[in-house]
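Novice: Take a look at this one; I'll ask things after.
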């Protein structure tokens with residue numbers, strides 16, 4: 001039986017494709033989808049097969065005719081650069097052909113909601129080879145599978161995203177694509193770094209605006225709304241994650257997002273907020289005094305300990321460094337700082353660390369990758385804790401590190417990681433710690449005096465470079481932060 005050829009989708013093996021790209025003007029902002037597709041194929045280590053990805057579909061809320069806010073699937077975006085719903089993508093590895101499928105034109109939808117993405121618009125946004133309407137997808141997939149007679153696999157991320165092809169000879173591989181894409185995404189290219197820099201730039205503006213106006217604010221909600229307003233006014237309508245604006249004891253809740261309490265009588269506010277730019281994240285945390293200066297000596301002292309933790313860890317970032325070593329360094333500095341404040345006993349720092357006592361005050365990891373996700377993917381966890389990673393936050397607060405943890409992934413050029421140490425005085429955590437063996441290392445009477453402070457966290461996004469690092473975060477901190485607060489009061 002003669003097999004009909006597809007509508008403009010896959011180059012036959014006996015054809016030759018010549019692609020010539022001229023970069024000029026706004027074309028420099030085209031998403032490098034083709035480069036990413038080739039990178040994923042290289043990580044797969046194969047010379048043939050078809051990568052098949054499904055974009056985020058339009059989905060309504062349960063029992064409602066109202067759509068949920070759209071958020072593109074990040075793996076799909078990595079190979080397409082298209083931030084529109086109901087799209088599909090194929091990449092023929094042997095033919096080196098990347099094809100995007102956009103929704104068919106729907107007049108009724110166009111009248112009510114505006115037209116969907118056109119073929120011309122898609123080509124302007126991304127350097128995909130071809131763009132077709134969705135109506136061609138099924139035919140093109142069947143053509144490809146029939147031509148290859150089940151001798152080459154179709155790579156999918158999940159079983160739920162496999163193509164609906166009526167073929168008994170279909171070879172699906174749902175195991176290899178995800179780790180290959182994770183390995184590709186962990187190293188950022190120049191386009192991605194521009195997006196992350198812009199996200200950080202807008203976040204920096206929003207953090208600075210809050211410092212200028214903090215003396216006028218009376219609630220956590222005002223801080224959140226100010227941050228959002230600055231981001232939206234600069235074109236960043238989406239946040240990388242829910243804004244955390246925790247004042248007082250709320251600053252000791254790592255992912256506090258209620259942001260609905262008054263600031264009156266509070267010493268500090270922990271503001272963890274980062275804008276998103278073209279699907280790329282920023283992740284920025286600043287701890288802000290609600291006074292013209294530090295409201296108490298205790299608040300100042302804790303800030304200085306966390307500041308030292310961050311500065312020393314950032315200073316050591318370079319290609320080839322084990323991130324886990326920075327995690328250990330941060331704990332070592334935290335332990336010594338808390339010993340000086342008589343919060344921890346003067347026992348050996350290694351004994352205190354191994355007991356888990358320092359994790360009562362610093363219960364989370366030092367950082368993570370940043371990219372299309374705020375907690376971006378990688379081939380292996382950055383601290384190599386793997387399945388034990390959850391133990392940083394277990395009820396005993398004991399960081400269970402096995403011998404295998406020493407086989408740690410190294411930092412490499414092009415990675416973007418956060419450095420976000422923190423020290424917290426969480427009432428529930430301290431109460432729980434009193435019943436643990438680690439209690440002998442903690443002076444609870446002294447620690448409880450710090451509960452009104454809540455906690456201090458400082459977080460920057462750091463690019464690993466060939467010779468060291470570049471701090472991508474522009475939000476003020478330390479003495480610069482205090483100067484802006486003072487000027488805001490003087491100018492009011």
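Quick reminder: no glycine exception, Cβ is built from N, Cα and C everywhere.
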Novice: If I go by Swiss-Prot, which of 249, 312, 448, 459 binds Mn(2+) 1 at the same site as 283, 420?
Specialist: 459
Novice: Which of 272, 293 does Swiss-Prot put in the same Mn(2+) 2 site as 283, 459?
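Specialist: According to Swiss-Prot, the candidate sharing the Mn(2+) 2 site with 283, 459 is 272.
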Novice: Relative to the mean position of the Cβ atoms of 272, 283, 459, the recorded Mn(2+) 2 site, which additional same-chain residues have Cβ within 8 Å?
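Specialist: Filtered neighbour residues, in order: 273, 274, 284, 285, 418, 420, 457.
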Novice: Of all the binding-site residues here, 272, 283, 420, which one's CB has the most other CB atoms within 10 A?
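Specialist: Buried the deepest by this measure is 283.
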Novice: Distance check, please: Cα of residue 283 (Mn(2+) 2 binding site) against Cα of residue 420 (Mn(2+) 1 binding site), rounded to an integer number of angstrom.
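Specialist: Checking the Cα atoms of residue 283 (Mn(2+) 2 binding site) and residue 420 (Mn(2+) 1 binding site) gives a distance of 9 Å.
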Novice: Around the Mn(2+) 1 site formed by 283, 420, 459, which additional residues qualify by having Cβ within 8 Å of the site's Cβ center?
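Specialist: Going along the sequence, the neighbours appear as 272, 274, 284, 285, 367, 418, 419, 457, 458, 460, 461.
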Novice: Which ones in the same chain are close to residue 459 (Mn(2+) 2 binding site), with CB under 8 Å and 6+ residues apart in sequence?
Specialist: 272, 283, 284, 285, 286, 310, 367, 418, 419, 420, 473
